[in-house]
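Scroll down for the structure; my scribbles are underneath it.
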Amino acid sequence: MSTTSTQSGSKAKLPPRVTESLVNRLTAMVTAGTAGEAREPFEMTEVYTGDVVGYLPQSSPEDVKAAAEIARAAQREWAARPLADRLAVFERAHELILSEIETLADLIQIGCGKARRMAIEEACDTPMVIAHYLKTAKKTLKPKKRSGPMPVITTSTEEHRPKGVVAVIAPWNFPFAISMSDSTPALIAGNGVIMKPDNKTALCTLYGIELLHKAGLPRGLVQVVCGGGPDVGPTLIDSVDFVMFTGSTATGRTIGEQAGRNLIGCSLELGGKNPMIVLDDVNLDEAIPSAIFAVFGNTGQACMHIERIYVHERIYDEYLRRFAAAAEELGKTLGASYDFEPEMGSLVSVDHMKRVAAHVDEAREKGATVVTGGKPRPDIGPAFFEPTVLTGVTKDMAHATQETFGPVVTIYKYSGVDEAVALANDTDYGLNASIWTGNIERATALAERLEAGAININDGFVTSYAAKGTPSGGVKQSGVGTRHGAAGLLKYTDTINVGVQKKQIMAARASMPYEKQLKSTLLTLRLMRRLHLG
Ligand code: NAD
């Protein structure tokens, strides 16, 4: 264990790879103090202990403007490079991230408190996204020649040009994966990026950018600004050409409003209140462990994780008994360590733990049953909370409709599939839904009736999220736009339509009366339709 130097508070004993000089080098990458006057830095703490890790500079609106100017200048040179050169940087970055996975996991854990296996899985997301775009970007970004309104005589070419500078605003729950994986296609498309990580979890993002620099990314092209969202957000959105935001629905609405006023595009990946429907033909030996991960993975702090499980009445009792027993077993593995021992880690902060506890306490007070869990675990660390299973939750309880975003789930009973569909869809959100059954055809038919941007059959959320070739995003109040796939790259470009007329035949001919021209136009349109032209 190494000890970082601090200005105040207890010094955190961190994994040996995370030295004081590493923390200082990373925090020095934040664009801050450009106008001379430095703001009070943010005190970063280790979630497991609350001990101080280091001090993160905070950016002022002037710093954000300065960052945008630097990124804009670097972007012109970057966009002028052949795509193959830009991809070569990411080919190297892919390997660098994999070779540095342990340090990345350390930094993710320090800021988030999640279990190590989740930190490793998170760090693997970015190489997966890189690999996908290394394979597909050339084809997706290649200009596409299409026929024009008059075959042969005219053509139209679809071109994709980088938007310019993109803001990538990331939350704390997957701080490395979201900031780096969303920046990857933006950079490959030829944009500059200004990243705004959450203060608590900025170190892993900064380390990722250092790896991109090692891979050959020009310095200046990616800028990092840090600070309270409402403090740096408005200037950031005023300084860029596109916003990629991941976070809560409330903040997404604010960001979407400002982007709309500025007439720039935005992609908003927001919250969820995700249901799982368990049909009566399910294999419980497979369904229970998978559901346990879908609910409690990342300590329940995943936008796509499951907070509502609807189980057919025929198997409800057995499902509840076995699920609760498995949750109780999981609770025994809670731990604060940088090895693979604990299966579940901490919540991100004491404040967030209190919010999760408040949802459980309110449900209990209003009559819900806490089948297992339901309590903080200060004996392990300041923000630990037990895996919790509730029943008897009703709509007057916050946990019934709001995102709890912690290791808490309610198990409900249903008697018919129509009822299950109605209950699953009874939410303003539409991020993810899961169906469990022994019959894929039944599930596919059911999936068509669910209102969610991702639907996972016989899985909680990983299958759809890890399919990097398929665009993925929320519907209803869970988002606007998608990430991954061709759409996840093209959103960072402007589509330009270049039309060419090789011979002047479309303009009206002065010598011909208009009635005659009309007849000839209608004839041409009918002919083109018959010949499937146009
Ligand atoms: P949040 O909305 O509070 O903050 C997200 C980011 O936005 C942070 O970096 C924050 O500093 C910044 N921010 C806040 N106000 C801002 C403003 N006015 N302008 C610009 N930036 C601002 O969300 P959070 O609590 O950090 O994250 C948890 C939420 O994120 C949950 O609702 C979760 O479901 C959602 N989430 C969604 C996805 C997805 O892909 N759909 C993925 C992960 C998390």
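Each residue's number is its place along the chain shown, starting with 1.
Using N, Cα and C of the backbone, Cβ positions are placed for all residues, glycine too.
Where the annotation comes from TrEMBL, it is an automatic prediction and has not been curated.
According to TrEMBL, the feature domain 'Aldehyde dehydrogenase' maps to 38-495. When pLDDT values are averaged over the domain 'Aldehyde dehydrogenase' (38-495), the model yields 98.
When secondary structure is read from DSSP and collapsed to three states, GLU269 (active site) falls in the strand class. Marked as active site by TrEMBL: GLU269.
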**Cβ neighbours of GLU269 (active site) where a neighbour is any other Cβ within 10 Å** = 26
